[in-house]
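Peer 1: This is the structure, below, for whatever I ask next.
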Amino acid sequence: MKTLLPEWAQPWVATITLGLQVVGILVGTWVVNLLLRRLMHRVADHYHLSREILVVTRRSVGFVIYACALLLVLDRFGVSGTVLWTAFTGFAAVAAVAFFAAWSVLSNIFCTLLILTTRPFRLYDHIELLEGGDKPGLKGQVVDINLIHTTLKERLEDGSDTVLQIPNSLFFQRTVRCWRRPPAMKLRDDGDDGEY
């Protein structure tokens with residue numbers, strides 16, 4: 001191949017080859033990720049899996065694919081796998097100590113997994129977190145469930161919307177009331193018995 005290139009390109013052959021290898025790895029990663037996403041959508045449609053499980057699976061698979069691509073690119077640049085493994089295990093040990101220190105975060109992550117598997121509510125359900133028995137608590141429409149908290153959209157009496165972020169561990173400490181459709185709005189009793 002060197003004989004086919006012009007004289008000025010001879011010193012750049014190694015750099016061009018490395019660049020083409022990196023581009024090949026990135027394109028291959030993108031294609032694999034795209035194919036796996038389509039496969040996951042087909043499996044989710046066929047087995048009627050919830051949207052939440054599909055989102056978590058898609059994010060996890062994407063993370064693994066792109067992490068592998070990063071390792072391949074670093075390998076092409078000459079970074080040793082042993083060095084990477086040593087750095088990773090050292091980081092994992094520090095992370096384990098940090099997670100132990102942040103117990104509430106671990107609790108929320110575990111509760112997220114329970115929410116996604118037991119499905120006490122789903123995205124776009126309307127829920128209410130009762131304080132104690134019949135006392136009204138936090139309520140709204142579930143618009144997002146992530147690892148730490150669940151986001152509710154609450155409609156106020158004046159028609160404006162607010163967003164509440166509730167730690168996921170709270171759903172297993174309180175009673176949850178769930179509606180698949182929005183609950184009927186209660187009219188406020190102002191004591192005038194319908195008189196104007």
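Just so you know, glycine gets a Cβ as well, placed from its N, Cα and C.
Below are the features listed in TrEMBL for this protein:
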type	residues	note
DOMAIN	105-179	domain 'Mechanosensitive ion channel MscS'
TRANSMEM	12-36	transmembrane segment
TRANSMEM	56-74	transmembrane segment
TRANSMEM	86-116	transmembrane segment
Peer 1: Quick test of the contact rule: Cβ under 8 Å, at least six residues beyond the ends. What residues does that give for the transmembrane segment (56-74)?
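Peer 2: Answer is 22, 25-26, 28-29, 32-33, 36-37, 40, 81, 84, 116.
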Peer 1: If we skip the immediate neighbours and take only residues 6+ beyond the ends of the transmembrane segment (86-116), which ones have a Cβ under 8 Å from one of its Cβ atoms?
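Peer 2: Contacts of the transmembrane segment (86-116) (Cβ under 8 Å, skipping residues fewer than 6 from its ends): 50, 52-53, 56, 145-150, 167-169, 171-172.
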Peer 1: Could you pull out which residues elsewhere in the chain have a CB under 8 Å from any CB of the transmembrane segment (12-36), counting only those six or more residues past its ends?
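Peer 2: Beyond its ends, the transmembrane segment (12-36) has Cβ neighbours at 1-2, 5, 61-62, 65-66, 68-69, 72-73, 76-77.
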Peer 1: Which whole number is the mean pLDDT over the domain 'Mechanosensitive ion channel MscS' (105-179)?
Peer 2: 88
